[in-house]
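Student: Just lifted these from TrEMBL, have a look:
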type   : residues  : note
DOMAIN : B:79-114  : domain 'EF-hand'
DOMAIN : B:145-180 : domain 'EF-hand'
Amino acid sequence: MAFPGYGAGPGAAPQQDPLYGYFSAVAGQDGQISADELQRCLTQSGIAGSYQPFSLDTCRLMVNMLDRDMSCTMGFQEFKELWQVLNGWRNTFVSFDRDGSGTVEDHELQQAVTSMGYRLSPQAMTCIVKRYSTNGRIRFDDFVSCCVRLRALTDQFRRRDTTQTGNASFQYDDFIQVTMSI
Amino acid sequence: VNSSEWKPSPQSPLYLICVFLPRVDKDRSGVISDSELQQALSNGTWTPFNPVTVRSIISMFDRENKGGVNFNEFAGVWKYITDWQNIFRTYDRDNSGFIDKNELRQALTGFGYRLSDQFYGTLIEKFDRQRKGQVAFDDFIQCCIVLQRLTDVFRRYDTDQDGWIQVSYEQYLSMVFNIV
């Protein structure tokens with residue numbers, strides 16, 4: 001089910017946005033959702049298609065990815081952003097899951113990551129594959145978890161690569177907090 | 001004393017070997033596996049002890065990569081767990097059996113970490129498997145183990161020990177994907 005892409009521009013009221021239905025079904029009065037609520041919301045929306053719904057751990061990662069105020073919750077705008085990104089990742093995964101098994105093979109994960117624009121050495125790729133592969137295959141939920149981490153880590157790294165040379169400096173306390181938040 | 005009825009008291013060092021360990025080693029293999037250790041440990045709730053933490057502890061003391069610990073290595077495991085129990089009791093000031101955000105801040109500050117106030121909320125959110133907003137004994141250990149691993153990897157790169165590292169993108173990814 002692709003994002004409609006019509007209607008609701010930035011100025012439109014949230015209530016007119018088709019995604020708002022899913023969001024408001026689980027959000028409380030504060031208009032924010034936690035990782036548990038995100039899990040319910042995504043499951044109900046069917047964005048995972050025929051794949052297994054997301055684990056709580058992956059949902060927590062997704063909340064953290066967009067959590068700019070460190071509140072451990074997500075508002076509607078962030079949810080919309082997530083939706084678009086998730087659709088993109090889902091489409092990438094589907095294009096590599098040629099046998100429709102719900103999993104991709106290790107080398108297909110490498111190809112998928114490269115197709116998303118990341119240029120990684122074989123060693124870095126090996127680390128990543130090792131982290132997510134079970135018996136030579138990677139499930140959709142793990143793929144999303146991988147994508148979230150890659151995106152968040154790359155983001156954090158870029159912010160600290162002030163000279164844009166591909167090298168970043170981390171102070172210890174900052175390193176701990178950034179890495180644990182991902 | 002009738003020798004067949006004698007049992008060492010729990011305070012005696014022999015208790016571990018003669019009474020406790022045989023109970024833990026259910027299949028009598030002489031090696032305590034992950035699942036046997038998991039069954040022997042309590043996190044203060046009725047749910048099983050965090051299996052990831054069990055794996056971390058076993059691998060810390062398993063010198064032969066056999067996927068378990070023998071009785072010698074188990075002594076190390078036992079001291080490790082007991083030390084953590086003492087730390088946990090020290091910081092669980094209200095004796096709730098859980099460590100809340102404030103108690104976690106005190107514990108980690110006591111260990112020497114300097115972390116922002118909001119970050120403690122992130123830590124609880126990340127490690128609290130009971131979904132209580134506080135960490136049980138096993139999740140507390142897990143949190144500390146991961147913090148320690150990150151510190152170790154940081155130190156390896158911080159060769160001049162000034163609290164700063166400079167890493168390439170690739171190095172950064174490898175460091176982190178191996179741990180969290």
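Just so it is clear, glycine is given a Cβ too, placed from its N, Cα and C backbone atoms.
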Student: What parts of the chain pack near the domain 'EF-hand' (B:79-114), using Cβ distances under 8 Å and only residues at least 6 beyond its ends?
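Tutor: Those are 41, 44-45, 57, 60-61, 120-121, 123-124, 130, 132-137, 140-141, 143-144, 147, in sequence order.
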Student: With helix taken as DSSP H, G or I, strand as E or B and everything else coil, how many residues of the domain 'EF-hand' (B:145-180) land in each class?
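Tutor: Here the numbers are 22 helix, 5 strand, 9 coil.
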Student: Sort the residues of the domain 'EF-hand' (B:79-114) into helix, strand and coil with DSSP and give the three counts.
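Tutor: Computed counts for the domain 'EF-hand' (B:79-114) are 24 helix, 1 strand, 11 coil.
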Student: For the domain 'EF-hand' (B:79-114), report the average pLDDT of the model, please.
Tutor: 95
